[in-house]
Amino acid sequence: MYTAQPQPKTPQVSEPWLMIGALVALTVLCLAANVGSVLRFIFPTGSLVVGALLFFRYPLFYVGFTWWLWFLTPLVRRMIDWQAGWLDPNPVLLAPFLVSFLASLTLLTQLPKAIRGNGLPFVLSAIAVLYGAFIGLLSFQPQTVIIALLNWLTPIVFGYHLFSKWRQFPELKRVTERTFLWGTIVMGSYGIIQFLFAPLWDQFWLQNLIAIMKIYSFGTPDPLRIRVWSTMHSPQPFACILVACVLLLFAIKNPLKIAASAVGYLTLLLTLARTAWLSWFIGLVVFIPSLKPRLQMRLIVTLMVMSLVILPLTAIEPFSTVISSRVQTLFQGQQDGSFVDRSIGYTNLLNDALVEVEGRGIGYVIRDANIGGNDSGILTLLLNLGWFGTIPYVAGLVLLIFSMMQGREAAIDPFVGACRAIVLATVSQISLNTVMLAPFGLVLWGFIGLAAAARLYYLQPFPATDPEPSIPQ
């Protein structure tokens, strides 16, 4: 894992790395000793302990550590299941939720200030989610509601936490850039390995997914037949995070970004996630005009260089057949079975959703033969929160996006432009994915928080952490 927090003295840096290294070493030792069943409880507990220590003592390390948990925890789960047997639901997957939810302490301690100031939109959306949880408790088991509440609320509180650190925006920016650069390399490389060789733990997990969960959209457990999800647990959420990674690469100055782009884009194509492909294009269209002409030219040159590296990779076997056949379905429309099924599902449920005033509560899952429970953010919002909850939730989201788009920070800082592009690219998927819920929601609200922090930071004549604002050229 690569997280970084600039510190003036070596001892201050070594302590957080020691904590993270201890967790990694313990995980590797347990897997090597074939005691995966014990690790099911050690890993989330250890992650929470390390996360709490970083949260209170090394807040910038906490941010990077949290992102890495979202990137890698599903892979740890699959390795454990391969040793100890299939288990679903699995306590290992609680690790990123528990660590991310520590950020709720920031919102709680700053609640009065947040309500009176720029944090009000976060509070509005959080209140809407709590309303949905209250309604859910009237109809569903508390365990069901609590798990669903983590999916809804965790992204909001994590986004607010990032926003609240606006005085440290330059450091937040560096941590995010490095985390996502190395995240692209690690997840992209593993995704290619997964497609070519189908590691045994991935085969075992997919076999159980097909046999027990009756999910057939991930391909088959054979080399060259897997629809790539890399270190995560599903192609669509993985593709959403990878779109954020490759868009952010445009704003990063690092010699590794060309190599990262090569594995990142190839793996993004191997996810076969058409919604994510289209969202990347939307993000690029948003990103380019936000920059000054000189930075626009630099981005276009970067895009051309990346294309020269990536396009030849997609044209060779065994990648070309899989990718080209999926690309062709983008233009089939009415002949595409997935598109037809989702259209029927929308028709079946939209009228019910539009008249859902109070909502069915968080914990309710869409059950329809033609559309999955995670296949529509719009339907999920209306059916879970009703109009009473959807209006304040969307109001908070729209206020933040509107404020994000008003500033001129993106013209001088490509990172801010990338944050905007990532947010709008993620929102564009709302009709086909539940972008409000983790892990989609971590991308959405996390980069909203970063963009809001940048806006506040650049509005200050002399930010608290720097004698003069440092603006990338």
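Heads up, the Cβ atoms here are built off N, Cα and C, so glycines get one too.
Residues or ranges marked as transmembrane segment in TrEMBL: 17-36 (among others). Only residues 6 or more beyond the boundaries of the transmembrane segment (17-36), in the same chain, are considered here, and those with a CB under 8 A from a CB of the stretch are 1, 3, 42-43, 46-47, 50, 53-54, 61, 65, 76, 79-84.
If you look up TrEMBL, you'll see 48-71 (among others) marked as transmembrane segment.
Residues 39-41, 43-44, 47-48, 50-52, 55, 62, 65-66, 69-70, 73-74, 76-77, 80, 114, 119, 122-123, 126, 150-151, 153-155, 157-158, 160-161, 164, 233, 438-439, 442 of the same chain lie 6 or more positions beyond the ends of the transmembrane segment (91-108) yet place their CB under 8 Å from a CB of it. Per TrEMBL, transmembrane segment is recorded for 91-108 (among others).
TrEMBL lists 120-139 (among others) with the feature transmembrane segment. Within the chain carrying the transmembrane segment (120-139), a Cβ under 8 angstroms from the stretch's Cβ atoms is held by residues 107, 111, 114, 145, 148-149, 152-153, 156-157, 159-160, 163, 358-364, 384-386, 388-393, 395-397, 399-400, 403, all 6 or more beyond its ends.
Tertiary neighbourhood of the transmembrane segment (145-163): same-chain residues 63, 66, 89, 97, 100-101, 103-104, 106-107, 114, 118-119, 122, 125-126, 129-130, 132-133, 136-137, 172, 361-363, 436-438, 441-442, 444-446, 448-450, 452-453, 456, selected by CB-CB distance under 8 Å and a gap of 6+ residues from either end. What TrEMBL records for 145-163 (among others) is transmembrane segment.
As annotated by TrEMBL, transmembrane segment applies to 179-198 (among others).
With a threshold of 8 Å between CB atoms, the same-chain residues lying at least 6 positions outside the transmembrane segment (236-252) that come near it are 70-71, 176-177, 180-181, 183-184, 187-188, 191, 228-230, 260-261, 264-265, 267-268, 271, 273, 275-277, 279-280, 283-284, 287, 299, 302-303, 374, 414-415, 417-418, 421-422, 425-426, 429, 433, 435, 439-440, 443, 447. Here TrEMBL flags 236-252 (among others) as transmembrane segment.
According to TrEMBL, the feature transmembrane segment maps to 258-287 (among others). Through the fold, the transmembrane segment (258-287) approaches residues 181, 184-185, 187-189, 191-192, 195, 227-230, 235-236, 238-240, 242-243, 245-247, 249-250, 299, 303, 305-306, 309-310, 313-314, 319, 322-323, 326, 329-330, 417-418, 420-422, 424-426, 428-429, 432-433 of its own chain, all at least 6 residues removed from its boundaries and within a Cβ separation under 8 Å.
Remote same-chain partners of the transmembrane segment (299-316), defined as residues 6 or more beyond its termini with a Cβ less than 8 Å from a stretch Cβ, comprise 250, 258, 261-262, 265-266, 269, 284, 287-288, 291, 323, 414. Residues or ranges marked as transmembrane segment in TrEMBL: 299-316 (among others).
Here TrEMBL flags 378-402 (among others) as transmembrane segment.
Taken from TrEMBL, the feature transmembrane segment covers 438-458 (among others).
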Long-range Cβ neighbours of the transmembrane segment (378-402) (under 8 Å; 6 or more residues past either end): 120-129, 131-132, 135-136, 346, 349-350, 352-354, 356-364, 366, 371, 423-424, 427, 430-431, 434, 436-437, 448, 452
Beyond the flanks of the transmembrane segment (438-458) by at least 6 residues, Cβ under 8 Å: 67, 70, 96-97, 100, 118, 150-152, 154-156, 158-167, 169-170, 172-173, 176, 232, 237, 240-241, 244, 397, 400-401, 403-404, 407, 409, 412-413, 415-416, 419-420, 422-423, 426-427, 429, 469, 471
Tertiary contacts of the transmembrane segment (48-71), as residues 6+ beyond its ends and Cβ separation under 8 Å: 1-6, 15-16, 19-20, 22-23, 95-96, 98-100, 102-103, 105, 158, 162, 165, 168, 171-172, 175-176, 178-180, 183, 186-187, 231-232, 241, 438-439, 442, 446
